[in-house]
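Have a look at the structure below before the remarks.
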Amino acid sequence: MKVIIIPEEEFRSKDCRLIFGPNRLIEFSVGKFRYFELNRPFPEEAVLHDISSNVTFLIFQIHSQYQNTTVSFSPTLLSNASETGTASGLVFILRPEQSTCTWYLGTSGVEPVQNMAILLSYSERDPIPGGCNLEFDLDIDPNIYLEYNFFETTIKFAPANLGYARGVDPPPCDAGMDQDSRWRLQYDVYQYFLPENDLTEEMLLKHLQRMVGVPQVKANALKVVTLTANDKTSVSFSSLPGQGVIYNVIVWDPFLNTSAAYIPAHTYACSFEAGEGSCASLGRVSSKVFFTLFALLGFFICFFGHRFWKTELFFIGFIIMGFFFYILITRLTPIKYDVRLILTAVAGSVGGMFLVAVWWRFGILSICMLCVGLVLGFLISSVTFFTPLGNLKIFHDDGVFWVTFSCIAILIPVVFMGCLRILNILTCGVIGSYSVVLAVGSYLSTSLSYITLNVLKRALNKDFHRAFTNVPFQTNDFIILAVWGMLAVSGITLQIRRERGRPFFPPHPYKLWKQERERRVTNILDPSYHIPPLRERLYGRLTQIKELFQKEQPAGERTPLLL
């Protein structure tokens, strides 16, 4: 997505002509949206008449969902005279007395492309987006460059310059840093979320209208950060695969109190082309199976975890071991996601059984409750940084983030050290119900799954610390949040009422087993005293199984019949 600037020497008359081929004519008006369809063999001509004399530059922009369109202002498609993309644009620096502009639009794709386009006008007092480009190829580049991966989406843009009148040389970009230069300009970065679970073209083009002009952007979008001329013109966000997001930047001149908008860029953090990882097939089967089984166990823990203490310990051990094992194999090995998930399930099961074995053999309640409290503390700490608090500049430093995160997680078991049963029941209700949220997130798009996913991303990717972790909170999220709260409150209330008058925790299993064994040995009147040892019982059972597969031997002597 690039914007091509028309040099003044290319104007040979009062018209600025952008030639792609002779065809139909589309007339534009400043500030009015036009919807139209482009076909491969039929490029179309566009024109704007009656440009006001107080307009010093125009920005034309055309948007499509994922298919590329081309704009050109030279007779041939040259790299410095045309641009192709899903959000392409042109900037017209107008000459004195110029009142008309024409250009041509087309597409190289086989399928027709539905587009939306608009022209915006600016005066000499407005700053020029990208007017002091020092990084990209064009001299003036008001384009927003966008790239994404699974972890983060990064936008880049060129610095702006002060506005100037027609026929006047532009202000120098590097002549001092006082208030009369472009260093006084500020950049507001905005983010706008499309409706969840809606990947339609009509929805994107409709909502793009809210992110084009300065008033619309300020009224509808979320301002994420304000940059000064001394800051790097690059901002990172957490990627949300399958969620449509529109980004734009407004440059503001605080001395004249004027603003101008860059060309907005949009992304779904996925590809619309068929294949693995496409927007139409984001939910992997392995993820759905894993989190569905995890949610079934979590749902049981939510309502019955304290009663079935060993099952809860397995659940807690599974979470701890699985989380750290997944981070380890992801950072150290290049194996595929499905294999990593299987190995994580195996490692988590081993961790769960190990924690159960530790309780059975040693019966140290404090160690087990420390693990339980840390899991609850991890979720509470994740929720804390899921709020706008997590986007504070101080927490973009990894050291500060992880120290603060760990302190919050450790604080939970310390606070509840005097009432361990309440801590255990709270963990069962909150963690068990959140596992249901994660399962729902593998089937439907929900922002609540990013509570823990953002922490996992930060542990896996060294550059994620610079990303802003804003997420949409829409109808689906409110419903799932209500379900999460209802399950947690119901599970906690049920377990507290059921455990009244009962021992806080079960006794040490190994001591009970040892006492029972000694009792059977010394008490000959106990029927269990006459039960053979386990080894003999197993050997007898194996002997019975072998006899089932042995051929029956003849009983007695048989002689043939003599005739």
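Cβ atoms are placed via backbone N, Cα and C, with glycine included.
Per TrEMBL, the features are:
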type: DOMAIN; residues: 292-496; note: domain 'TM7S3/TM198-like'
type: TRANSMEM; residues: 289-306; note: transmembrane segment
type: TRANSMEM; residues: 313-329; note: transmembrane segment
type: TRANSMEM; residues: 341-360; note: transmembrane segment
type: TRANSMEM; residues: 367-387; note: transmembrane segment
type: TRANSMEM; residues: 399-416; note: transmembrane segment
type: TRANSMEM; residues: 423-444; note: transmembrane segment
type: TRANSMEM; residues: 478-496; note: transmembrane segment
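Sequence-remote contacts of a segment are chain residues at least 6 beyond its ends whose Cβ falls under 8 Å from one of its Cβ atoms, and for the transmembrane segment (367-387) they are 312-313, 316-317, 319-320, 355, 358-359, 395, 401, 405-406, 408-414, 416, 420, 423-424, 426-427, 430-431, 434, 450-452, 454-455, 469. Stretch with the largest number of CB pairs closer than 8 A to the transmembrane segment (423-444), among 289-306, 313-329, 341-360, 478-496: 289-306. With a cut-off of 8 Å between Cβ atoms, the residues of this chain six or more beyond the transmembrane segment (341-360) that come close are 286-287, 290, 309-310, 313-322, 325-326, 329, 335, 367-368, 371, 509-510. Sequence-distant contacts of the transmembrane segment (478-496) (same chain, six or more residues past either end, CB-CB distance under 8 Å): 299, 302-307, 422, 425-426, 428-430, 432-434, 436-437, 440, 446, 448.
Non-local neighbours of the transmembrane segment (289-306) in the same chain are 312, 315, 318, 341, 345, 421, 424-425, 427-429, 431-436, 438-439, 441-442, 487-488, 490-491, 494-495, 499; each lies 6+ residues outside the stretch with a CB under 8 Å from one of its CB atoms. Within the model, the domain 'TM7S3/TM198-like' (292-496) shows a mean pLDDT value of 95, rounded to a whole number.
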